[in-house]
Amino acid sequence: MTAGQWRSHLTDDQQRQVRDLVTVATQVDGVAPVGEQVLRELAQQRTEHLLVEDQSPGKSAIGYLNLSPAHGADAAMAELVVHPQARRRGIATAMVRAALAKTGGRNQFWAHGTLAPARATASALGLTPVRELVQMRRSLRQLPEPVIPNGLQIRTYAGTEDDAELLRVNNAAFAYHPEQGGWTEADLAERRGEPWFDPAGLFLALEGSEGAEDSPSGQPRLLGFHWTKIHLDDPGLGEVYVLGVDPAAQGRGLGRTLTMIGLRSLTQRLGDRDLGHESTVMLYVESDNIAAVRTYQGLGFSTHSVDTAYALAAPDAALA
């Protein structure tokens, strides 16, 4: 089985085929095979695409791999999907081998949900887990009241005039993080353009007026934020999309306060829908961030699934 050719551009029809492929795999597996960033990249030319098509006259996509380039110390990252009816034909193995060959074995692979086929492919190719991202969930019922510390202002996103402070806090809070750190204005603009974006769901915690002189703009300084999201394709599901606290403001309980304010908002916004079932909120946290995991457990969250990043332990030796 060959993996096809690398492409830096996908046609509109190819993008549609990949989205359809992801939808089918999600319905069968119960977990999306790729993250939302991969779907954003389909129309861009910032990543490499590997497309495997069947031999029917329409040549529909039965396999897809997205390879994002390395950034500084962060390895190149691949995410892939194979059509459920085309599995056990070596397609995933061929795509993984192609990605390893392209990067000299120095990339990682996300396995969303860490499903059995992904574990088997990783084992067969000598890939080992290097990172785990835990998805945690809880019901939006019986939420504790948020406690807002004295001298703290809470408001929602007012527009692009908030972007500079948002970027400052985000990049300070996630300086270590491969995906969330190093954001630019373009990253914010992309997410504002998403259909789910709602400025009323982005909460800002600012220092009281006595701290205004600490901000370059002369406005109250941003201490933290909670960006919530409602999943339009999964009624009743909300998300703690990004929760960031300025490292200089940690230890004041801002994370808990912002979390509860956001969850209360999700409850109200999802409560307007006739769902027929209980509303739920999800979030992602690195498995080795023990303090954060324990904090969320204390707020009633429990593990729903785990995404695993795999890589070669010794790329040079493995590819020699």
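Including glycine, each Cβ sits where the backbone N, Cα and C put it.
Not measured: the values here are computed from a predicted model.
Annotation comment: Swiss-Prot describes 8-141 as domain 'N-acetyltransferase 1'. According to Swiss-Prot, the feature acetyl-CoA 1 binding site maps to LEU80, VAL81, VAL82, ARG88, ARG89, GLY90, ILE91, ALA92, THR93. Residues annotated as domain 'N-acetyltransferase 2' in Swiss-Prot: 152-320. Sequence annotations record features per position, and here Swiss-Prot assigns acetyl-CoA 2 binding site to 243-245, 250-256, 289-294 based on sequence analysis.
Positions of Swiss-Prot features highlighted on the structure.
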residue : record                    : contacts (Cβ under 8 Å, 6+ apart)
LEU80   : acetyl-CoA 1 binding site : PRO33, VAL34, LEU50, GLY63, TYR64, LEU65, ASN66, ALA92, MET95, VAL96, PHE109
VAL82   : acetyl-CoA 1 binding site : ALA25, VAL52, ILE62, GLY63, ILE91, ALA92, MET95, PRO117
VAL245  : acetyl-CoA 2 binding site : VAL169, ALA173, LEU223, GLY224, LEU254, GLY255, LEU258
GLY253  : acetyl-CoA 2 binding site : VAL147, PRO149
ALA291  : acetyl-CoA 2 binding site : none
VAL293  : acetyl-CoA 2 binding site : VAL134, MET136, VAL285, SER287
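Over all protein chains present, the Cβ of LEU243 (acetyl-CoA 2 binding site) has 22 other Cβ atoms lying within 10 Å. Under the three-state DSSP scheme, ALA291 (acetyl-CoA 2 binding site) falls in the helix class. Candidate binding-site residues: THR93, ASN289. Fewest other C-beta atoms within 10 angstroms, ASN289. Compared over the binding-site residues GLY251, GLY255, the count of CB atoms lying within 10 A of a residue's CB peaks at GLY255. The 10 Å shell around the Cβ of ILE91 (acetyl-CoA 1 binding site) contains 24 further Cβ atoms across the protein chains shown. Annotation note: VAL245 (acetyl-CoA 2 binding site) sits in a strand segment as assigned by DSSP.
Largest Cα to Cα distance within the recorded acetyl-CoA 1 binders LEU80, VAL81, VAL82, ARG88, ARG89, GLY90, ILE91, ALA92, THR93: about 15 Å as a whole number. Restricting the average to the domain 'N-acetyltransferase 1' (8-141) gives a pLDDT of 95.
In three-state terms derived from DSSP, ILE91 (acetyl-CoA 1 binding site) belongs to a helical segment.
Rounded to a whole value, the Cα-Cα separation of THR93 (acetyl-CoA 1 binding site) and ASN289 (acetyl-CoA 2 binding site) is 31 Å.
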